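Beneath this line is the structure, given in structure tokens, with notes to follow.
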Amino acid sequence: MKGSCIQANLTHLAPKSCMQVSPQMAVSAKTPTIASCRSELPNSLHHNCMSKTIKFSISSRTYILSLKKNHEISVVSTDSMDTRDPNSVICDLCLSGNLEQALIQLNTMKELRLTVDEETFISLVDLCERKRAEPEGCQVYSLITNSTTHLSIRLGNSLLSMFVRLRNLVDAWYVFGKMSERDLFSWNVLIGGYAKAGYFDEALNLYHRMLWDGLRPDVYTFPSVLRTCGAVPDLVRGREVHVHVLRFGFQSDIDVNNSLITMYAKCGDVYSARLVFDKMPVKDRISWNAMISGYFENDECFQGLKLFLNMLDYLVVPDLRTMTSVISACEFSGDERLGKAVHGYATKHDFGKDVSISNSLIQLYSSVGAWEEAENVFTRIVSKDVVSWTSMISGYENNGLPEKAVEVYEKMEIEGVLPDEITIASVLSACASLGRLDLGVKLHEFAKRTGLLKYVIVTNALIDLYSKCKLIDKALEVFQRIPNKNVISWTSIILGLRINNRNVEALTFFRRMKANVIPNSITLISALSACGRIGALMAGKEIHAYALRTGLGFDGFLPNALLDMYVRCGRMDIAWNQFNSHEKDIASWNTLLTGYAERGQGEDAIELFNKMVKSGLKPDAITFISLLCACGRSGMVANGLDYFNNMTANYGISPNVKHYACVVDLLGRAGKLEEAHWFVKKMPIQADQAIWGALLNACRIHKQVELGEIAAQHILKMDESESVGYYSLLCNFYADIGKWDEVGRVKRLMREKGVTIDPGCSWVEVKGSIHAFLSGDRSHPQEREISAILDGFYEKMEEEEVGLDEVDSSKSEILCGHSERLAIGFGLINTAPGMPIRRPTFNKQATPQSRDTPLPSSYEDSNRQPQRPGTFAATRMARDIGAHLLTSATQD
């Protein structure tokens, strides 16, 4: 029969009204024709036309005829086929892991409308679970739902386990509800599924429903429920579950006890966790790991390290998790010696070969500044992963070595290792420190291509980069595209606006932030800095009140930020109260000293310095910068020179270039120009632009043309700085002595270097609102009223015979175009008589130095003590006589 194949027309087997036989049927047979065996066919063949399949035997061979929809008969010989039950065939295929063939067989049974056993479905579901085959599992589930209305416990549990493993909790819940009966396994599977997916409340509710149904928890129930309580964290419900553990007699089970330790540690109750640990009759490595990690997670590193040593005494061999936790604890505690000891233990017991241990060691050594050890560990890693590279990059960047961070990243690129979001953020931060805009833009494009911009840590680093590279509009563009802005995003853009001198916008963003995100202390510090720069006293007071309400008033650097804001706003009385309201550090004393220095209150500054020394606090370099500046502005030359000469001998502080600039300014203000020049020539360090600028400004004030030209030539020879303040000073000096060709030369040099003088900008706060004015800007709605009141002051100045010391400027340019006077005029118009007008000035070209350096004598110090009514200063320092008159008239 296997040797020949014949075609047989079986149309005569049944009436035409019942069936038709396909002419393509092939039947394997030994006999030349099937017709000769017609007598052996069952009689029912001629009568049962509704049958879907016909099974008959010929010469000990079995044949199956299936009636298709077009009433054709296909005849298949089972001589070479498996004659076992199809359900058994599918089960065997599932055991061998052949899911594809099992599904083919299942579909064949479906077509033949054969009954599929429950055991077959269970085998298929289990195989889909093992293979994580979600589409195939859903296909089998669809067949199950079509064939039955209620699920048995075994089949329902299999489906529950599959759907939970596939994280399809919707169908898992549907299966759970469709089960006619449920056992403890059903509840455990669903509780564990909800817990792993993060639906902690649902998991705990299911646990309580299980208890109400009268089921007794087992060793599998409690670990899932306890992990859920720890993840919330919910100590109250965790203690309740602990009571259940004791009630049902599982207090000796090691897995349950390990889960109890973890739960208490996650909930912050390390004491209870240790009680459970100590009462355990038997402890395994997981028990020790859970307790040690619990100590570390709750910042009790010493206890955790002590327990680690006890673990070694009990001859319990730690695993990778234990060693990683211990190394991280050493990093947190900053104990390099202990870290090296743990490193030695890890190397001795072959843990050092694991890349995760090496990465932890790199982070440990980087945190304590041990770069050689970190580099040695990094070099010995055979297969460096992205974490290894990132650990080195972030370590360099966090410790002020951005050049090395970029260098390591470039090596990482050569090795072909793709960076992750933390790598990109660390390198972007290094680029921001170095001003490497080129590499930063390249990383921005890479993040776009690879989808890393979805990580807020990357976008925050981009905001910082563009802000520090003076591309604040680009930073704003990145910020606006962040879908879910966190507190760091808001803080970064507020700080970016502040350092780009867009302080009003910074405060606007701060107000917008409070409507969406709760600020932290760093946010408040950035906003207070903006308030101080523009003299927004009322806004600063609001932030101070907010800090006190939210408990942040004494957090970190915030007390000093508040002190700095009040000093910058000219309220030394409030600043003094703030100074006395919190624990003082060196920054507190320096801030108040700077305030006295800026106001020329040398005697107060010296008195404060003496108090600081008596308190036992050692002054630093910034302290003496403020002290020397205060002496210079008060004309206390002898005191200033004495402090300068004794700062090394008495306090161990070597003077730097800023201190020398202070001395030059001190001598120059007093008119001792030759001494100042001699001092510059005898300095042990090379003079920079700040020093020559101080000398030039003194020469301008005292009309010392020859020495001034010497200082000017030194400034022009130096290319390391392109501060607009020096060019402005040079232009004014040459204009004063009538050398207009030199003025033109300086301006051409500025154009060649791309240096532009931005218009001066001044702010005034009226009724809690901040108003900004640019020099020469006539677009303000009240411009006419402001010009009228300033004209009145011009007439008053003429009556008092006060001259205007302005070079090549008309009356209109002097009075109506100056930003400071515009601000004061606006304040006079919009405030009641007798109200104080505080007008701190921000003028970009006013001074090239930072705040902790001496200011040129000609700097219009808005925070200086106002002159008495009716008196006018004769020096260049008080050339803005109208502003002084207004300030003194409204002094509170």
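Cβ from N, Cα, C; glycine included.
Feature annotation from TrEMBL assigns repeat 'PPR' to 183-217, 284-318, 385-419, 585-619. What TrEMBL lists as region 'Disordered' is 836-874. Annotation source TrEMBL lists compositional bias 'Polar residues' at 842-868.
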Given the repeat 'PPR' (183-217), its same-chain partners at Cβ distance under 8 Å and 6+ residues beyond its ends are 153, 156-157, 160-161, 163-164, 167, 169, 172-173, 176, 224-225, 227-229, 231-232, 234, 237, 241, 244, 248, 250
Who are the long-range neighbours of the repeat 'PPR' (284-318) in its own chain, taking Cβ under 8 Å and residues 6 or more past its ends? 254, 257-258, 261-262, 264-266, 268, 270, 273-274, 277, 325-326, 328-330, 332-333, 338, 349
Segment-level pLDDT (mean, integer) for the repeat 'PPR' (585-619): 93
By DSSP, how many residues in the repeat 'PPR' (183-217) are helix, how many strand, and how many coil? 26 helix, 0 strand, 9 coil
